[in-house]
Amino acid sequence: MVWLWTLPWTFILVALIPLATAKSPDVHHSLQQLKKRDDDSLRDENCQAWIAPVWPGMSHMMVAATRAERDVSYNVSIDQLTYKGAELTPLVFNKYGYTQDGIFKSMDLLKSGMTSLGLDVYWNNKEQYWQLCPVIFPSSAEPGTPVLLQRRLTTDIVTCDQNATLSYFLAALSNHVNVTDNNLDVDLISLKLNLRTVETPIQSNSSSQRQKRQFRETSTSVTQLASSVLSSLLNASKTTRMESTGSFSNSDSNSSSNSSRMSNSTESTRTTSSTESASSTSTTPSTYTTGPQMLGNIVGSSYIGPRLYTPKDLHRDREAEPPRTYDYQGLSNRGFPLAHYILLEMKARVMVSISQNDQPDGYGWGSADQDVIFTKQALLGSSDPENTNENIAYENLQECIRLDPQFLQSINLTGAASWRTYSSTQQDPISNVSFQEFINCGLSPSINNTLAPGETLQGLMTESLWSWAEDEPSKCHNESVTRTQDRNTGLVAWNCAVLMPDGWHVANCYDTHYPLCRQGELAYNWAVGTQKVNYFDTAQEKNICPPGYTFSLPRTALQNIAAKITVRGVSGKTRVYKGGDTTDPDSYDTIDYGNTAFPVWIDLNSISQEDCWVSGGPTARCPYRTVQSHSVSVALLTVASAVCAGVAAAIILLQMDTQPIKKNSGRWRRLMSNFKKSEYESVPA
C-alpha cells in the first residue's frame, strides 16, 4: 500500500526535473498589474543601461531595434532592403592609414550597424597584384613597417603597410562574419569594390628610408599586435563561434579547404621583388581571363569565399522551377531572393559588387571575376547590385520627406527600382539629418565624405533606422500618459507598437487605438481600421479593418512611408466602406477620427518575451530562446536531484517503520469480551 501511495509522487518529481533545469523566459513580465506610486511614474532601474551608447558597437536599445527591423524584413527581396554604407577611404584609411589597425577600424563600422562598405583596391600592373595602398611601395619598404608615401594625383601623404593586404582585409571580414553568425546578429553585408590604378610615389627612396626609420620605433608594438591578431583571425575563421541556438557553421569540407585557399591567395597576390626599383616599368598583357591574380579568384578563394552570394548563385535561383527570386510583382526569374532565404537557408553573408571601375591599366575583366563579383551590367534581363545611377536623386524626394500625398502616385514606380543607392561627395556631404531622410525614403546612403565638426559616426548610426522613432523601443515610460480607464485597473503592458508620424513607438497594449490595415498583398495600399480596440482585441474577428484589408505592419522603408501618408490623411468625420453594394449608401459608415488617426496599432509586439519583437498578433511567440551556461544547468540539476533523493529516502524509512507487536493484546481481547457480556441485548425495563 505504501508503494501505491508513493508511485504518483515519484512520477511528479521526475516531471519536475526538466522544469527545474530549464531557465524560464521572462514571459508576460510587463503584464503584471502596476502598483500605484506616489510620483505617478513608471521608473525602470535599467533605463540608463538600456540607452547607454557603446562604441564600437550599439546600445542595447539599438540592438533590439535593429533586430526587430531585420526580422520584419526577412520576407523582402534583398534589393528592396536599405543598406547603411560607408566609404572606407575618407572615413577610415585617411585617418588611420592603410595599415592593419585601419582594417580593424573598418570592422568597427560593421559592429556599429553599417551593412555596406566601399573599398578602393589598386591594381599594380608592374607587380601584377591588387593592393589597398594607392601608391607603389618603394623597394626599401619592409613588411610590418608603415611608411609615408605621397600620392601624385592629390599630393596627399598616406601611411601604408605591406602587411595590410586585400587578403588580410577579407580575413578580418571573415572573422566578423563568424562572430556574428547566429540568429540574433546575422545580417547581409554588401562589399562594394572601387577598381583603381596604383600610383607611383613622388618621394625618392632616400626620403622613404628616413621616414621608415622615423616610423620604425613607434610602430613596433602595433606590428606585433597586428601580427598576433592576424593569427587569431585565421584561427577563428576555421571554427565558427556559436552564440545562440540558431548558430550557423561552415561545413567540414569548407573548413578543411580554407587553409590551402588562403595560403594560395596570399602567395598569388604578392609577387613583388624587393630588388626592383619602384620607378621601373614593364609591359604586361592588357587582358586576363584566368589566373590567381584575378580579383574573383582572390575573393572566392579567401576565407570569406564559402559565405558569398555570387552571380552564379543568383543565376541558379532564377532558373529554378519555380524561381526562388522575386520582384515588385511577386515570383519572377528577373528578381532577387528573399533575405530569409539567403541568410538562414543558404547561410550566405556577403555580396561583393563593383561600384566604380576606373579600368585599371593592364587588367581585364575575366570569367573568374564574373562568377564571383556582381557588376553593373544587366544579367538575364534584370539589374545587378549597384545597377543604378550613383548620386541618384529623386525629383519627389522632398514630397517623401514632407509625407506629401503626391508621393503615393509615384511610389509604385519607385518601389519597382532595384538597389536604390545614394553616394555623397565632399561637395554634397551627408549629415545626420539627410542620412535619416534617405533611409526613410527607401534609399541606401553611402557616406563618401569626411564628417563635419560635431558629427560622429555613433550619432549618425542612431538615426539609421526607417522603422523606430528616436530613442525607441524605449523602456523608460511615464505612467501619466496611460489612459484614465487603465489607471483604475492598473493594467499596463508596454509591449506593443504603434505607428506615429516620426516612426514606431512602444505603447501600452491596453490602450485603445485604430489598427493599421493593408489591402491583400499590395505593398503600398493601407487604410485605418474602423474601430478603436486594445492590442489584444486585434486578434478577434470583430471586423476591425475595412473589407479586403487585414491587420498588418510595414516591412520596408517605402511601405512605412506609404502607411504614414495614408494615416496622416485620415481625420475628422470620414465615410468608410463596410461591405456590400458600393452604390448603396447603407454600405458606408461615418467614423469620426478626430483631429488625427495617429497613433495606430501595427502588428508588432514583445508580449511573449521582453525585447523580442514579433508579428502575428498577441499570441505570436518569440523565435529565439535564452541559452544558459552549462555550469548553471549543472547547478540546477544538482539541486533537483538532491530534493528527489531526500524524498525517496524519507519514503524508504517510512516503509521500514512498521507497527510494533503489542505484548498485552490477549488481555485486551478478554476485557473487551467481558464488556460485551455485561451489555443488555434488549431494551431495559
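Cβ coordinates are placed from backbone N, Cα and C, and glycine is handled just like the others.
Per Swiss-Prot, the stretch carrying the note region 'Disordered' among 29-48, 309-328, 469-488, 569-588 is 309-328.
With a threshold of 8 Å between CB atoms, the same-chain residues lying at least 6 positions outside the region 'Disordered' (309-328) that come near it are 77, 80, 188, 300, 334-338, 341-342, 346, 348, 350-352, 370-374, 379-380, 382, 384, 412, 415-416, 418, 523. If you draw a 10 Å sphere around the CB of ASN432 (N-linked glycosylation site), it holds 18 other CB atoms from the protein chains shown. Candidate glycosylation sites: ASN75, ASN163, ASN178, ASN448. Fewest other C-beta atoms within 10 angstroms, ASN75. Assigned with DSSP, the residues of the region 'Disordered' (309-328) fall into helix, strand and coil as follows: 9 helix, 2 strand, 9 coil. Of all the glycosylation sites in the list ASN163, ASN178, ASN412, ASN448, the shortest Cα-Cα distance to ASN75 (N-linked glycosylation site) is found for ASN412. ASN448 (N-linked glycosylation site) and ASN178 (N-linked glycosylation site) are 28 Å apart (CA-CA, integer value).
Here ASN432 (N-linked glycosylation site) is positioned 27 angstrom away from ASN412 (N-linked glycosylation site), judged by their C-alpha atoms.
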